[in-house]
């Protein structure tokens, strides 16, 4: 079954262009069906809405579907598509109809079969065929649905395979002639579908023709998951489909170039079924059948087509007109393309005879890179991604990823890293080489990559049966394969053995498995030379000669190898090692080696190796002398301190001899203030007007800074230093400008403010500096700014844009309020939203819909410039807003469709699953020093030892963990400078008392009552001082507890006398005044630095005080002896959760804490109306001592808990929703 149909269709495709039907959804919409129509009799009492479930109509309205099929066949269609676009179990879950998936697919195929057979009987000379449709599902296997967690997936490859397998079996059983995998927006979904289809074919002993059709989503020419047309083709070419095509998303005008490209590269027949143009403002398709037919006729005449049909907006009349347009037009002839290995990431990589040497990046390999191994072990995935990115930037055309290390879960690490790579276009644009000695790791990796990658590696060492089994699966996954020259006897060391093993493997793969020879890559084993063992001297020669043998005897196979192996004897002397690599590769490449696993950033050019060294290396590599190893060892020491490509540093002050404009640019880029006044004055004297110095060399220099920052070649601390230089230069010129009454032009005026109730502004300040560096005038209203003031100043100053910032969750509601007021008062300014607690989802769902003008979520300082320039550009603004609106609509749609990852439970069920603590067997520790303890003007020197520096670097957008960030190839040097500046400032803080650190803590008798905690006035426990209200996790936890903080305090009825602690600390007394002083001097760098340092001191104080409480004040861990790193990693007993954070997310609970400690009177810290702490550099929270206590996140709560909490707090529902919004709205 299947082969006969394929032969019939192929014969027709060579004679004429065949017609596929048109839009099924379009036709169904024309019937204007209501809910009861979708339900029919059978589903009249279904428990959820069914309107829109078009696939269900094959069961509830089968005659209607048959009518549509019949109309398309009458119009001239040759192939009917089954009405099963959303009929997988995954898509049917939207209607809770997963169990009906198989029945729907079977019924749909059966209906189409009946109609096709009726029409074939009418006109036997024109047989009609049924294509069983497998749609894309509503989930993506290579894209995270959560912008905050790019490694997360809401569907797995295996789940897709299972769903598609069930649908495929039913479609075949129902009578489908072909399988159509269509509207592919995520190629990994399609690879899972193809895997399922092929598996079912093998299972049932059938092989139907397969059609593949992808979707180019917009003018970028890429699928939604980011692939170009050719990359998409390469990824699925292994399916060997009857046809390859494109459908949906675009009309014929927009789709034409991609169909043309596909017709050029596809070895299969080419299909297309475009939409009837692009949707109009009402979502309708306007392209008439006649107009569409004109496009189709031109495509056909240009030789692009073998099959044509319609998608959204098309009707039987469109198909009728198309049939007339292509009648008599010669179909596209299949091209005779050269044999080549066609790989892909987001972009294609085709390796042909003429292709130069392919570099495979080796640094993302835990067995070969100590740094990468450390990053993966420490779960520093952002930095690990940077290693991959650097490999690609340095010229790697493929990256090899290996996680085989004894202390790692290699499979989990491989999946996590590959999923993260998928969200980084600079990395995922190249093909992936999945490298492991463990088959389960390789297979897990193949399930994560949408492109066509390479498996590294398989061999015959475990025998032929295992080798064949793995090879068949690799082919089904759609990957190329590296085959090691290794069999049951062992590794091939000699030239003869290398060819013998490779020839044996080649014949098995090509003749028995059917593996494409161009996808076979042999690694004939590169071994170290110059080891001092005579038997090793010819290893390089054996490899070089085996390359020529394999290329000669095994057509289309390629050669690769781990190049660094050859120089292993000289580890520690990188210069000599790279020279060996250069010489070795030179000779391998001459003999036909195609690719090599190398450090892409450390490849030396053969001709650049010093002649003396090159000759000695060639003697070793080519085994030309008996004493070659000794001669190379003799001269190797001369090169021990050299590095490939290093140059001598120029004189440090050579730039002082440059023209003044270049000196100003250099000072701005390097952040040098030493000569800026003198150089600015020299430029002023030589200028006609002082303003020319600003608008000329100074702005030219800042433009260079902006470009370098935008390209990632400068980092945020450097940009802030550049701004300091600029401000000093402008300050020198201002008196001269004022004397001449000149004023310069800016790119726009932007008002920035931290909203009412919030005191955090480091991020806002950084955005302001970056915008100033790009010639925007900034009006910074500071913190705690009421809505009325923001809008009043915006009008008075005639600003172009308003930017709002906030860190705590109540600030989100204040931002909504500002947006509503702007709408009410008919503002027409763009509104920017930023800050740690903000998100694109909240902006799209909660803010943007309250204001008709642009509302833009800006997630970092580097994006602010591009956003502002687009918003203020008459030319770019319309397209920017159109794209923004579409993006927000998508985000809202995702939010509305989002289902919780975990199943919710009732509050009663959650309470029944509280933390199980045997209170009878536990005696809570009695504090050594109960009551209040005040720490006034605390010693900063003591706190410095407790600083966690990693968040400090994150403040400056330098990602990396302290102290390893100093070794980072890109940001390490800047991090060291930043660290030095921070410590210099801390020295001043100590010497001059610039900042004051104050703190307070207290330990109080307490008992839990349900989810709450009663705190007593004294140890008699007769009078309740405060009740601490808590929330409980409310999701299903089959293997764990539903945590609540009260679980860690002994219940009142237990009779146990327990205690709870409270604390509040600040490192920021005086910080605001000092920052303002720096700003007044034009020194934004130190203004931001003092804020960042104060934040670190506050966190350090919290860490110090908690340690002191554990060891001395409470004293339950008197013998504790932890390093600062262990403190940061929370290796101690007990926790200190903070109100407003995940375990107790509701901010008003700071109120009882403030009252218990009398914080404002004792240490001068206060709370705003939104319960933000002032000074901003402050920390507060609770102390729990129980050894089982742990941190957790409350996440989403249900309505029953919302009402319970409101009742306990004495709130109405509106007030509860205000404070618990993030925990009830998602």
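Using the three backbone atoms N, Cα and C, a Cβ is placed for every residue, glycine included.
Here is what Swiss-Prot says about this protein:
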type    : residues                                    : note
DOMAIN  : 6-326                                       : domain 'Hcy-binding'
BINDING : 248, 311, 312                               : Zn(2+) binding site
DOMAIN  : 357-618                                     : domain 'Pterin-binding'
BINDING : 695, 757, 758, 759, 760, 761, 805, 809, 861 : methylcob(III)alamin binding site
DOMAIN  : 747-882                                     : domain 'B12-binding'
BINDING : 948, 1136, 1191, 1192                       : S-adenosyl-L-methionine binding site
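Residue 805 (methylcob(III)alamin binding site): 29 other CB atoms within 10 A of its CB, across all protein chains. Across the structure, residue 248 (Zn(2+) binding site) and residue 805 (methylcob(III)alamin binding site) place their CA atoms 40 angstrom apart. Across the range of the domain 'B12-binding' (747-882), the DSSP-based residue counts are 65 helix, 24 strand, 47 coil. The residues near the Zn(2+) site, meaning same-chain residues not in 248, 311, 312 whose C-beta sits within 8 angstroms of the mean position of the site's C-beta atoms, are 23, 183, 247, 249, 273, 274, 275, 310, 313, 314, in sequence order. The predicted model assigns the domain 'Pterin-binding' (357-618) a mean pLDDT of 93. Residue 1136 (S-adenosyl-L-methionine binding site) is 58 Å away from residue 311 (Zn(2+) binding site) when you measure Cα to Cα. Note: the Cα of residue 805 (methylcob(III)alamin binding site) and the Cα of residue 948 (S-adenosyl-L-methionine binding site) are spaced 25 Å from each other.
Looking only at the binding-site residues 312, 695, 758, the one with its C-alpha closest to residue 1191 (S-adenosyl-L-methionine binding site) is 758. Residues near residue 758 (methylcob(III)alamin binding site) in space but far in sequence (CB under 8 A, at least 6 apart, same chain), listed by position: 783, 784, 805, 806, 807, 808, 810, 811, 814, 835, 1168, 1170, 1172. Residues 948, 1136, 1191, 1192, recorded as binding S-adenosyl-L-methionine, reach a greatest CA to CA spacing of 21 Å. Rounded to a whole number, the C-alpha distance linking residue 948 (S-adenosyl-L-methionine binding site) with residue 695 (methylcob(III)alamin binding site) is 42 angstrom. DSSP assigns residue 312 (Zn(2+) binding site) to coil, not to a helix or a strand.
Listed in sequence order, the residues of the same chain lying 6 or more apart from residue 1136 (S-adenosyl-L-methionine binding site) and placing their CB within less than 8 Å of its CB are 1063, 1102, 1106, 1181, 1182, 1183, 1184.
Note: the Cα of residue 1192 (S-adenosyl-L-methionine binding site) and the Cα of residue 695 (methylcob(III)alamin binding site) are spaced 54 Å from each other. Between the C-alpha atoms of residue 695 (methylcob(III)alamin binding site) and residue 312 (Zn(2+) binding site), the distance comes to 53 Å. Remark: of the binding-site residues 1191, 1192, the most isolated position is 1191 (fewest other Cβ atoms within 10 Å of its Cβ). The 10 Å shell around the Cβ of residue 695 (methylcob(III)alamin binding site) contains 15 further Cβ atoms across the protein chains shown.
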